[in-house]
Amino acid sequence: MSDSDPTTDFPSSPPKLYAYAIANDPKATPLMTLFQLLLVAIIQGLTEFLPVSSSGHLILLPTLTGGPDQGLAIDVAVHVGTLLAVVLYFRSEVAEATIGLGRLLRGKMDTPGARLAALLILATIPVLVVGLTFKLLGIDEMLRSVAVIGWTMLLFGIVLYWADRTGRSDRDTGDWDVKGAVWMGLAQALALIPGTSRSGITITAARKLGYDRASAATLSMLMSIPTILASGALLSLDVIGQADAQLARDASIAAGFAFVAALLALFLMMRLLRSVNFTPYVIYRILLGAALLVYAYS
């Protein structure tokens, strides 16, 4: 019989990959098994674009399984994987916005692509400001609790249901304007509270502004690109100089699996929105939120 690893509560026999529990600590012990690493990557990939909160699930994972925290390096890797997935899925819109950004930098906003780039930048400003403030004040760490995630899962799930049921559907992506970018950008900043869900809260705002379900999801996904880029860059600053060959291998595996899972989630959600509303995600959020609150207060 194989011994158990007291640091992970997992059997010591599974092959270990050397993802560090604390990526910015050079003395950190290699803890994650292959199973744990793949679980982190797949959960991140599946939940990043569904309105159920990827950050909430990743914070809960070590808490509920007894496994190690995946560390900053793996966080960066799964962000890269999900970023590549959304860029590939919305490649035509991304190409249009990228070309438009070039025109915008030359002081021209005379094309739909330039307008899209400008609106994406505008929508990203609130989350950058609030995110940096949270990090400098240490607020982000204070919010990483099961109780917080339980409440935000539950409450913002109900808000999503309300917005989806009462929102009009007379606007599409071509109608996105400054008002829409500002309100969706402010909503996106709320997603810095774990359990809120970046995609969930931005879709909620878009539905209440009158965008149809597919357009609300598309705008939310496009808004994720600069946000994930900024988040990944910020996390990268904390892990520069700590990587080695084993950690690089772990990160590559995590990024690859997160990419596949995220692409699958995007494909399924966008297909389902043609005939299904957001109620299934709301039910999941309410059930999970209620269970987490029972767990937190018991």
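In case you wondered, yes, glycine gets a Cβ from its N, Cα and C as well.
TrEMBL lists transmembrane segment for one of the ranges 42-63, 196-217, 218-239, namely 218-239.
Counting C-beta pairs under 8 angstroms (sequence separation of 6 or more), the transmembrane segment (146-163) fails to reach the transmembrane segment (251-269), with fewer than 3 such pairs. Using a Cβ-Cβ cut-off under 8 Å and counting only residues 6 or more beyond its ends in the same chain, the transmembrane segment (218-239) has close neighbours at 23-24, 48-49, 72-73, 75-76, 79-80, 82-83, 86-87, 89-90, 93-94, 97, 116, 120-121, 123-124, 127-128, 131, 135, 173, 176, 180, 184-185, 188, 198-199, 202-203, 206, 211, 266, 270.
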